[in-house]
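The following features are taken from Swiss-Prot:
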type     : residues : note
ACT_SITE : 459      : active site, charge relay system
ACT_SITE : 470      : active site, charge relay system
ACT_SITE : 484      : active site, charge relay system
DOMAIN   : 256-316  : domain 'PDZ'
SIGNAL   : 1-29     : signal peptide
């Protein structure tokens, strides 16, 4: 079967699942530095075929979600592979997809079982040639400065958009993309000559990256289309990626401590390592795009279109050296440059820390837990002794941004706050349920307890928070958690008898599911706060329930446990504390400013198009800067600091106050007062009862 499509200059090309380019490229003023013949698909290796076969066997036999690898599932893998290769649906034509689907749509199941990668490589080959064509067209648009005064718009999120029907449709999408790139640089006060040079280099670099494609890259993307179709936490790591991953979790690795992800030509921050320079800076956030990297001195290098591993190597470096990142914020606005000092990710930076704060005359303790590392419970035990010695009247366990860790530590930590009993239930792929219990019959801390959470609290954090909530042991404050209630394990695809076999990569796949002691899963729903804070992390953008194929929420029978807190007492306290909390933040200038910022964020999140009119975009950016400058200067005034004249004058080492924690401490102080009043009332009631009985 042949595929037919039109190209520029009305040239008609016929190809066997490929794209003809060589004679169809007109003579543009800005030319690509590479020819179509320079773009070639790497050869399929025997190792890749063996890795595919073994990965397929393990995923179909050992995954928690039992799947049937048939024609229907093959179609789903096909769709996800196309999506992985063309996330914004601006590279493939619909005719490409139709042709590829007809040939391979229902064949991937058989090929995977056989270790056959022909479909994966053929589809990737079409993508490479189409991408070359798109960037060649993008370069042609740099021939002259475009008109940025019209009413053109760019579609912000094309994840669910249809593929372009024709080359003309694809060109319209790239017209918009190039204009947007130009506007983003123009907003940084770049002249047209600078913009043209920068984008010429960027687009040619993206083409050059195509020539650097390795077979491992294709296999990893393809097998991840298969793995992620089963569930979002199942993945395949190529030998090179697995090696990098192992290095990244080695605490001696020197860098800034970020986990990055790549979509199309963009690299963004997926998560921040607790205690690492990026997290400590408070200036980087998941979703932020990295568009440039520079060292302590010299130019910032444009990294749009870079390979992920190349960018990682650029960011890593010796302890004490500086790296500069040019960031496009996830929440919008113009790019900014952030300077970080590379450092080792030290275990002491990830360790639990204890602080005290006097609030309304009450001594409030806070234990910040960045992760559930091995040895956490022993560390917290020591902190609880200090807490008792300092006569703390309430404790806040801060689990914000804590993505989890060791299950054993989540269970043991819970045991410090209850006498004994079940903490979490785990069900495996064979429906066997195991109850993890605290059985030491001792309770280290018996005082007033709060657990602080947010959208990035996940896994082990959710286990601890859920246990405290189900036992009525503590009050949960903050934002609904992430909702990751599954357990993964990593397995090398090399077998013990593979004596001379080169590395085949690693498979991470889901094997179990977590359940609360009340029987409900933490999966998808997470843990809801008893007292809610504003959604500073957008729940409509981040969370397990945003994944299109996450495992469903369900429940199993409740474990046998006894609530330690009085239901009516806790509910009454929550109602009173929440009322005070809402009244307070309604007047707090930090929360008022935050709510204004969140209103803008939510409005922009919901809009589907972005203007390509430079004056309109500049006016919006100027308005954003003016609003943020006003908020900063009002804060500085309250702090007795000198006002800023420009938002760019903000010191690089400036750290914003943690007013969420300050409010949590005020809630804790309210609870101390409430609890004291209740005891007085009970004592008075008992005294009155005794007096009445004597009469």
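Heads up, the Cβ atoms here are built off N, Cα and C, so glycines get one too.
Residue 484 (active site, charge relay system) counts 27 other C-beta atoms within 10 Å of its own C-beta, drawing on all protein chains shown. If you measure from the Cα atom of residue 459 (active site, charge relay system) to that of residue 484 (active site, charge relay system), you get 5 Å. If you measure from the Cα atom of residue 484 (active site, charge relay system) to that of residue 470 (active site, charge relay system), you get 18 Å.
On its own chain, residue 470 (active site, charge relay system) has 516, 517, 518, 561, 563 as residues at least 6 apart in sequence with a Cβ closer than 8 Å to its own Cβ. Shown for the domain 'PDZ' (256-316): DSSP residue counts in helix, strand and coil, namely 13 helix, 22 strand, 26 coil.
All protein chains considered, the CB of residue 459 (active site, charge relay system) has 26 other CB atoms within 10 Å.
Confidence over the domain 'PDZ' (256-316), given as mean pLDDT on the 0 to 100 scale, stands at 79.
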